[in-house]
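**Q** The domain 'ABC transmembrane type-1' annotation in TrEMBL covers B:93-281. The feature transmembrane segment is assigned by TrEMBL to B:31-53, B:99-121, B:133-150, B:156-174, B:212-238, B:259-280.
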Amino acid sequence: MARYLLTRAWQSALTLLMSTIVVFVGVRALPGDPALALAGEDRSPEALEAIRRHYGLDQPLPVQFAQYVERMAQGDFGVSIRTGTPVSSMLTTALPVTVELSVLAILIAAALGVGAGVLAAVRRGRPAEWLANGLALIGLSVPHFWLGLLAILYLSVATGLFPASGFVPILEDPVDNLHHIVLPAVILGTGLAAIIMRQTRSAMLDSLSSDYVRTAKAKGLRPRAVITRHALRNSLIVVVTVVGLQLGGLISGAVVTEQIFGLPGFGKMTIDAVFQRDYPVIQAVVLLTAAAYIVINFFVDLLYSVIDPRIRVTGDPA
Amino acid sequence: MTVLTVPMAETGTASITRRTRVLRRLRRNPLAVVSFVVLALAGVIALLSPWLAPYSVDQTDFARTFAPPGTAGHLLGTDDLGRDVLSRIMLGARASLQVGLLAVATSLVIGVPLGLAAGYFRAWDAVISRFTDLLLAFPFLIMAVGLAAIRGASLGNAAVAIGIAQIPGVIRVVRSDTLRLKSLDFVAAAVVDGASDLWVLARHILPNATSVILVQATVAIPAAILGEAVLSFLGLGIQPPAPSLGTMLATAQQFAARAPWAAVFPGVVIMGLALAFNVFGDALRDALDPKGDRR
């Protein structure tokens, strides 16, 4: 176990270092002088010189990289070119929105996906399975931002059941907060639910035909008990795996969903930054996403080895 | 996945019967037939859309803006500028398929050799795994954001961003199939015979790995089509006035309450294309499954 942990930690650290290099190089690949990009409106030679000195752009590249890593580690992502506010404070207001949206979407997707997957496996060959399979295929194929558009059109604008856009912080008014975020979370969860459903179904089918389930049945355990006790434990692994693998898709999806529902999160901040050519913000967003992805997946792997002891032995999540 | 390998299936004559068996299974699956017909039709329409489309994509008609579907001459209605929705959808679908194929081609060109190398040469495995981890750390949208910042937003950059994001998936399936094939007798026989690594990879492993590559490509194309729609919707992909299903949805969003058809039809087409690919991909995987009628 300790050895597995150490290997994974080392691999994650290496990936983190490499992605930092990629972003560092990417920033230098931006069109034009980086100082010019950082300067925004004030492009006088004195201002550019000051920026070069402040960001160490006059130093050799390895020195620049070391300074860069140091700044990032301290949470100093620079200042937004457009608004003049520090990128770090923009992040502290935007991130909670995205985290709440994503966590809620994962919960909804897990509930829907596991439920439908178990149902499809248990009712094999019956209409319920066909329905669940069909819905999962549609869930995989539907552009969820389009679903969001339709939901706003037919559920918000037409009936007024949900607010069409905007956000209320959870600390201010938890009920109103939920009212604003539940529809976007359902929309974001659809694709994930479809993937979880398909994996759950196939994992369930495997375990329902396995020896240990046959033994449990032979012992005289009631079918319901067999399903809940033996099979559902496996679906926990499925959910954790899918969330780990689909994290990238979830982040991408959150960006679009926020854009459609006007949620002031990480995604909206990202898209606004692209159109305003707000390079410090873009850089922070790209780097932080990579870091978050690496760190979360490290913890997913840990969780995984807690749920499924076999992985600790082989070190290979099959 | 437990792999039951039938050694005979990998030799010359047996692979012909295997192909006929797969085709027969596909023909007998109504879903496979329907999705194939849909895809073939979509392909033909996309190829010929510049000639088939009733109007030119940027032909405006300010006397007939927001014409509802069924209006004479405009089967699917018109948009805010009086442009024909059907014509724009036809050319938009063409762009979607282009991005889909371009992205998947990108991911295969880079991913297949890396997957073969990772599975065949033990020493390369760790290095390629770290490369995969690195790619995975940048979700496609974030990759597209970075590329758009560096090189500007365009169809090509959208396809590249999606393609790069799909490389890890290709590496994973090709690597595991290479590992499986490497352990089979006919590969060992070729090695004993004195065949070079490159020869074994090109002559014995790659041809036998084509079925998993094919399945991976069939599920990657719909993902790429959805990806293109997202990027174009956000303004990071195909740039207006060039028609794309994603940009059509982005403009339709502004007047969706007034002309819902402009927001509904492009989405239906995206979903239809992706669904057809996904259904066909499922059918293909089942047909290729040596365990036969498990599903």
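Cβ from N, Cα, C; glycine included.
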**Q** Can you work out whether the transmembrane segment (B:133-150) touches the transmembrane segment (B:99-121), with the criterion being 3+ CB pairs under 8 Å where the paired residues are 6 or more apart along the chain?
**A** no
**Q** Can you name the far-off residues of the same chain, 6+ from the ends of the transmembrane segment (B:259-280), with a Cβ under 8 Å from a Cβ of it?
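**A** Contacts of the transmembrane segment (B:259-280) (Cβ under 8 Å, skipping residues fewer than 6 from its ends): 31-32, 34-36, 38-39, 42, 66, 68-69, 76-77, 79-80, 85, 88-89, 92-93, 96-97, 218-219, 221-223, 225-226, 229, 245-246, 248-249, 251-253.
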**Q** At a Cβ cut-off of 8 Å, and with pairs 6 or more apart in sequence only, do we get at least 3 pairs between the transmembrane segment (B:212-238) and the transmembrane segment (B:31-53), yes or no?
**A** no
